[in-house]
Every structure is written in structure tokens, then in C-alpha cells.
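Student: What Swiss-Prot shows for this protein is this:
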- 1-22: region 'Disordered' (REGION)
- 1-11: compositional bias 'Polar residues' (COMPBIAS)
- 202-223: region 'Disordered' (REGION)
Amino acid sequence: MGKRLISQNRGRGTPTYRAPSHKYKADLRHPRVDENTSLQGEVIDIEHDPARSAPIAKVAFENGEELFLLASEGVAVGNIIECGDDAEVKPGNIVPIGNVPEGFFICNIESKPNDGGKFVRSSGVYATVVTHEPTRTAVSMPSGNIKWLNPKCRAVVGIVAGGGRVDRPWLKAGKKYHKMKTRAAKYPRVSAVAMNPRDHPFGGGAWKHPGKPTTVSRNAPPGRKVGLIAARRTGMKR
């Protein structure tokens, strides 16, 4: 009898395929501030969070609240962070994007006002404020896509700290193994044609080839539904 495919096990949701969220430190969000006011806080620590690639800053605000915020480049222990409509537009501060001059870099941008921040949160990335209109602001995302947002959406001024991560090689499989343990992914990933026949429909044989058509029906049963699912065409486009 064959075994379940990886896609079937992933759908079942066993611990191997679940993110170890119990080890994550905090759900990053911007502090809530009343309109036309500002809130100040001091950075008391810079920490690593297994949930993300960028460092996080622990900030003690003047209202007694302590929050973890996404650290931008230049933020250090002892710095003062301002948040709100009256906050100065400088790296590390949290301000509405409608107050940010054109050409400035921003990160951890809200999708809707007061949702806490949804976009541009990976290490070393940034978005650019392009232009302002009375009811919306255009922001150039890291992908190059222009996104129009409510000018009351808040963002952190500056570039996310931890840049250059993608330029550094893994060097050892063990380092990547430990990194992947913090994600909802199975590592290493084995090629289907390298498996045994009991593990995958493309497994087995004297050499590495699928042994059957790689196109498969949309209505195929779960144990067979692998390869090019309901493909309109295969190969290079001519």
C-alpha cells in the first residue's frame, strides 16, 4: 500500500507542516493613538524573533504600554520613537503616510487605518511615497507595483533593518535546516522522481523519469493529483 503524498500530509496539518507559532515573540502592530495627538516611547531593547527575518525593537511608551515594533535602519537602544499625527517625519517614527513627503522611504504600512501594519515587513525592504491626492496616497511597493492607500494609514519611516540577508549564502545545510524549522515547511524537499514508488506516482524505475504523463485531470483522486494539474499546454511556448 502506498503512502500519503506530501501534499496530503500538509493538508492534514500534522506538526511537521505547522509553523511553531508558540515560539514567536509578538504580533507586531502600531500602538493606537488618538487623532491629532502623538505618543512617545523609548527603545529599551533590540531582539530577534523566530517569526521574521528582521530584528524587532522593544519600546516602552509613556502611557505605560510596552510593545514590540519592527526596527528600521538606525534605530538603537535609547532612541525615542514618536507615533501619531503630530510625530516628526524621521527614521523610526510612526506617522500617517499622508504626512510623509514624496520620495521618502517607509515600511510596515497599514492596509486600512489602525490595522497595525500589513505591507513591507521583511528585512532590508522599503516602499516609496510617490504622490499625494486629497483622498489617497500612491506608494511604490518593493515589487514596483503602485498601490493607492488611505492617507490616514500609518507606516514606519525608513528601511526595515537587517538588509543584505539574501546576499549571504547558507554555506551549510544545517544552517538552512534550523532556519526552516521556524517555518511551516518541510525541509529538505526531495524530488518526486527520486522517491520510491510507494511514496509518489513518479517514483521508482532504473533512472529518474516520471514513467507516466505528468499532466493530470482536475478531478484526479488526491493520491494521483500531482504534476501539471489541468494543464492547458506543456513545454516551451512556440
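Heads up, the Cβ atoms here are built off N, Cα and C, so glycines get one too.
Small disclaimer: the values here were computed from a predicted structure and weren't measured.
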Student: How do the residues of the region 'Disordered' (202-223) split into helix, strand and coil according to DSSP?
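Tutor: So the region 'Disordered' (202-223) is made up of 0 helix, 2 strand, 20 coil.
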Student: For the compositional bias 'Polar residues' (1-11), give the DSSP counts of helix residues, strand residues and coil residues.
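Tutor: So the compositional bias 'Polar residues' (1-11) is made up of 6 helix, 0 strand, 5 coil.
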